[in-house]
Amino acid sequence: MENRAMLGFTILLLCYDSFASNAEEAFDIRHHLSTVTRYHVVKEKKKNFLASPSIPNQCSPIHLNLVARHGTRDPTKKWIKDMDTLSIRLKSLVKNAKERGSSLENLPPWLQNWSSPWKGKTRGGYLVPEGEDELYNLGIRIKERFPELFSDNYHPDIYHIRASQVPRASASAVAFGMGIFSGQKEGKHRAFAVASESRANDIMLRFHDCCQNYREITKNQESVVQKLKQPVLDEIKGSLTTRYELNFTLNDISSLWFLCKQEASLFNIIDQACGLFTNDEVNLLEWTDDTETFILRGYGNSLNYRMGVPLLEDVISSMEQAIIANKGTHVILHFYLHQWFYIKYKLHVERHAPGSYEKARLRFAHAETLVPFSCLIGLFLDESEFEKLQREETMELPPKPPQKRIWKDSEVAPFGGNNALVLHHCPSNNETKYFVQVLHNEQPMPMAGCGKADFCPFEVFKEKIASPHLKHNYNNICKGKLEQMDNESYTTKLLEMLSWFF
């Protein structure tokens, strides 16, 4: 009996060791790269999710709105300069350590002679080939998923494509178009147009650039973000200094974390800069990135997403036009002047010819576009948080590890991240009904504003989710007088919330 008990205890220990080992092996840093996460990593993580079974068989898609971030890109000019500086800095750290007589036996060999892979480049931020593939393949998959919407040959009135004027966004639009319009015209690619607005006036896709009040508030928020990051960076700096006997600074830790994310994302290298950090340290660094995005672009401040109202207006308007077109008619009002000077009118109904109305509105922009738009439609919230959103209350920051959190940049806005709002027509015996399905990174998303359903009646979506935001005007939001007291009060609340973590 005693031997059996010992055998059982031994088996339990082995199972626990196996479980712990598998858990350790399951940690893949490529899933923790914040907004530098590759799209295929997100797809791989969600591969076991099934398409929503909630769409009735009699329903069919009649229109699609897409808001997509550009695909994977190389570092921007600013970060290329920072990596050149880091290369010089690392050599200096190693030299100083040798002069102090440190053994450096724990120092990774790559670090002693590292040079930036972007050395000599004067430009950056461009779409890389992997980024082109992400958007090209996304186009193919969307076409295969919604063949009813993409059966027509390309025409700008049927498929409206828009991108910001930044090259990586317009190149992403072209790559997507090559995927979605492939096979047309006897197997050849069909030429298509991509519309753009100047950066100074693009309140649809680069509203953050045009919003004066947002720029003003962001200056204060950035200081809050630095106070958030400092305790984490201090802790990790101390650990790395002890571990590798190099006198790292906070700036060194930030630069090495950036290098880690770029190496893992662009080159699939996870044993150099990323190898300097433990899994727990990666989780903390990822949390600081996620919380920075939350504060500066997400639910942290209502202005972050309210300034995206022109984009939301465009989405709702396109759905309403699609509903009218689906009914086969549009209405023209003819006004007449009556002999007694009363104005009279009559309705004239014209029928739409098949293939003469819009089926998709496709937009390609940035994380600064996708994140606020996701907030406008209430994604990544539970129902109690959505109620706070409706009351325009300050949202709590994402909880610090090891606590679980919903808001993760790697899922909210990876490279190539996207929201597709698909309008469905669902005939019924009593009346014709229209429903909206939101696909985030191609997965159906439960909407807190629609009782956590992922298939929401259009009128409910419009009235409960969109209308509370549509009451705001972009010019008033971005150019109206910014209340200093409100700004100071908000910053104070953020600092109070940060005190809970440390």
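Here the Cβ of each residue, glycine as well, is placed from N, Cα and C on the backbone.
TrEMBL: automatically predicted annotations, no manual curation.
Disulfide annotation in TrEMBL: C426 is bonded to C59, selected among C59, C210. Counting neighbouring Cβ atoms within 10 Å of each of the disulfide-bonded residues (C59, C260), the lowest count belongs to C59.
For C59 (disulfide bond), the nearest neighbour among the listed disulfide-bonded residues (C274, C450, C456), judged by C-alpha distance, is C456. Across the fold, the C-alpha of C450 (disulfide bond) and the C-alpha of C260 (disulfide bond) stand 39 Å from each other.
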